[in-house]
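As given in TrEMBL:
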type    : residues                                       : note
DOMAIN  : 79-319                                         : domain 'Orn/DAP/Arg decarboxylase 2 N-terminal'
MOD_RES : Lys92                                          : N6-(pyridoxal phosphate)lysine
BINDING : Gly270, Glu312, Pro313, Gly314, Arg315, Tyr416 : pyridoxal 5'-phosphate binding site
REGION  : 455-474                                        : region 'Disordered'
Amino acid sequence: MATRPSAPAWLDVPVDANALAAGVWPDSAARDDDGRLVIAGVDAAELAARFGTPLYVTDEAQVRARAGRVLDAFGSAFAAVGASVAVYYAGKAFLSTEVARWVAEAGLNIDVCTGGELAVALAAGIDPARLGFHGNNKSIAEIERAVSVGVGTIVIDSRIEIDRVADAAARAGRVQAVRLRVNSGVHAHTHDFLATAHEDQKFGVPLDDAADLVATIRDRAELRFLGMHCHIGSQIFDAGGFAESASRLIAVHAELLTDGDVPELNLGGGFGIAYTAADEPTPIEQIAAGMAEAVGAACASHGIPVPRIAIEPGRYIVGPAGITLYEVGTVKPVEVDGGVRTYVSVDGGMSDNARPALYGADYTARIASRVTDAAPTLVRVAGKHCESGDIVVDADYLPGDVRPGDLLAVAATGAYCWSLASNYNHLGRPAVVAVRDGAARIIVRGETEADLLSRDAGIPLPTPAGTDALEGAR
Ligand code: LLP
């Protein structure tokens, strides 16, 4: 076995480098009799042969189940303190019309934050009343469209937006329900949270300004104030930050009640998932219970009823259900720190998963096309882009005989991979395939070379009408 040059402290040498860690891989992931990876009864090698690589694969039943699990977890936790819960799926994690329908059928609403996300949700046939519209810089056109199609709620993110939304509602002859995004001063990341008086960030308004802004909202007859909204971060592993934030919000919520209705409190998303076997997110039921307890206690201490609660998970719903399949192209031992690091290069990279480059995110890789007894060796899975930071998996152990032609699977790529995908180096963005009950179908087509060339204005469009049509198209 190779030595461990620069292996991170959290990464253990696995007993079996073919093993699929529970909680990291989709629940349905298994090896068949030939050692091939199977997801929801579908052979990964067959998927690669049929649809090509790189390929995003998502386990439909697991997305649906996770949506249902969040609804149940929060529904029962908050029922214990006398409140109901609305769950909004944060579409930024991964939105296509199919996914929008899956989560809606599971009883979730959907949060969108651009006109594009709104368009997908509408194209999916989601009742606009079940949509929440976010964003720190919605354009006037986006606001007008959201109001006119009857979006359920708009989250006001700045003083300027109060008039923008109210004016759009006035023009449309509607009363628009709104939330106000505030910063609770609590910022959480994975294991710990930081609590400050004011956050230095672009989203929302300081909690101290909420009373004044809510009074301004209430002065506009075209707006109906629902409550405050707060999102404290993403990939959070326990309830502590949410609980702290909720109790700060409830103190202000109680003040707001003295001047009118405040039926709701939106506590945002951010529930973490496992990307590697070292990640141990608290089960969602415990997080929900911790949040409900904090909200219940804060409301009791202010002598107010517990408002209806809304939450907005994204990653939690879709992240663990997704994997990405790649083909190994080259394997290259590189001497580092007196040892050897094996670079395994695949046919995708930072264009289909920007998270390692953007956030230093860790992932888990396994050979999908076979199992082998070869001793585990430390690898770095790299992409094919012209950039040294083009890393797919910074560190993991694979069987030492990993070789060109192997199919490689990377776990937990269901959230913020397709959403953040790019065409860097003119790679087409991969297709997304949904697997369920032994069957696979494309839910987002992959981009072809023709797609890549189609927007290049230097290439004449294939039209007999010639230049005039060309000009019109551009
Ligand atoms: N609600 C609001 C207002 C948000 O801004 C976000 C995420 C969510 C809900 C959903 O958060 P989730 O449950 O998915 O953690 N690209 C980054 C994550 C950015 C999150 C942005 N906002 C990543 O890949 O880690």
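One is the number of the first residue shown, and numbering goes on along the chain from there.
Each Cβ is built from the backbone N, Cα and C atoms, and glycine gets one as well.
The Cβ of Gly270 has fewer other Cβ atoms within 10 Å than any other of the binding-site residues Gly270, Pro313.
In sequence order, Ala90, Lys92, Ala93, Ser234, Gly269, Phe271, Tyr316, Ile317, Ala415 are the residues of the same chain, not among Gly270, Glu312, Pro313, Gly314, Arg315, Tyr416, whose CB sits within 8 A of the CB centroid for the pyridoxal 5'-phosphate site.
Sequence-distant neighbours of Tyr416 (pyridoxal 5'-phosphate binding site) (same chain, 6+ apart, CB under 8 A from its CB) are Lys92, Ala93, Phe94, Gly314, Arg315, Gly319, Arg355. The Cβ of Glu312 (pyridoxal 5'-phosphate binding site) has Val87, Tyr88, Tyr89, Ala90, Asp111, Gly132, His231, Asn266, Gly268, Gly269 as same-chain neighbours under 8 Å, each 6 or more residues away in sequence.
Across the recorded positions listed here (Lys92, Arg315), the residue whose Cβ sits among the most other Cβ atoms within 10 Å is Arg315. Cβ neighbour count for Gly314 (pyridoxal 5'-phosphate binding site): 23 (other Cβ atoms within 10 Å of its Cβ, all protein chains included). Those residues noted as binding pyridoxal 5'-phosphate (Gly270, Glu312, Pro313, Gly314, Arg315, Tyr416) have their most widely separated CA atoms at a distance of 15 Å. Under DSSP, Arg315 (pyridoxal 5'-phosphate binding site) is assigned to a helix (H, G or I) in the three-state scheme.
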